[in-house]
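Let me begin by presenting the structure, written as structure tokens, before commenting on it.
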Amino acid sequence: MARCIALVPAAGHGSRFGSATPKQYLDINGQPLLAHTLAVLAANPDIDQVAVVISPGDEWFDSFDWPQPKLTVLRVGGASRAESVANGLAALAPAADDWVLVHDAARCCLSPQALARLIAEIGDDAVGGILAQPVADTVKQGDAAARISATVPRDGLWLAQTPQMFRAGLLACALADAANPAITDEASAIELLGHAPRLVVGEAQNFKVTWPGDLALAAAILAARN
Ligand code: CTP
Ligand code: MG
């Protein structure tokens, strides 16, 4: 039977966040951010294994306890997110028809409900798909001087989130050229092969912790849930 593996790239430096400690190890409500991310994935009964990709030179991971029976640690992070995912996939060597759910370490507020919805809706899809949010705000094109040059119709526009769920064989094939700058998420790599991944409605709270101000918002969301 096909297995279901969560693959969590966590080898970034968090340059926009700007802290000396990478954002995935910063404290949120008494635990490193990454622990919240791994917990929601491990708690899903359909997920068999949770693999986290960290940098080979990571100085922080081993200073925490990670009491997750489903957890596998892969010290094979690469120069870009796509390379970290490709390296992690190569190290895991899953069966071609296993499902892989790639989920950003920095999206620690993913809800169990949204995760379950993705797995339920993609479980028999021929291509795979992603959580995404329909764009709610009016979209502006800005110029170099931060002046509006156009208003972009938002019909049909979605913001890609993670997890992004694809069969391991198709994903490995799509990420064969992980250094291609056009590959900014797994779906874009699958699209380059000519496929059209499914869009499953995500949630605003599944945002990516990116800027320093995001940490307090994530803490509030997680505190309200517990
Ligand atoms: N990531 C990774 N390997 C990289 C770069 C990023 O595994 N070489 C991971 C990050 O750890 C993060 C996820 O990919 O969990 C999404 O990336 P992002 O939010 O952009 O994190 P960073 O790249 O660390 O942040 P920044 O872009 O601000 O430097
Ligand atoms: Mg980045």
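Note: Cβ is positioned from N, Cα and C throughout, glycine not excepted.
Feature annotation from TrEMBL assigns site 'Transition state stabilizer' to Arg16, Lys23. The site 'Positions MEP for the nucleophilic attack' annotation in TrEMBL covers Arg154, Lys208.
In this view, Lys23 (site 'Transition state stabilizer') is surrounded by 29 other Cβ atoms within 10 Å of its Cβ, with every protein chain counted. Sequence-distant neighbours of Arg154 (site 'Positions MEP for the nucleophilic attack') (same chain, 6+ residues apart, CB-CB distance under 8 A): Val135, Ala136, Asp137, Thr138, Val139. Each of the recorded sites Arg16, Lys208 was scored by the number of other CB atoms within 10 A of its CB, and the lowest score belongs to Arg16. Between the C-alpha atoms of Lys23 (site 'Transition state stabilizer') and Arg16 (site 'Transition state stabilizer'), the distance comes to 10 Å. Closeness to ligand 1 is met by Arg16, Lys208, these being the recorded sites among Arg16, Arg154, Lys208 whose Cβ falls under 6 Å from the molecule. Across the structure, Arg16 (site 'Transition state stabilizer') and Lys208 (site 'Positions MEP for the nucleophilic attack') place their CA atoms 12 angstrom apart.
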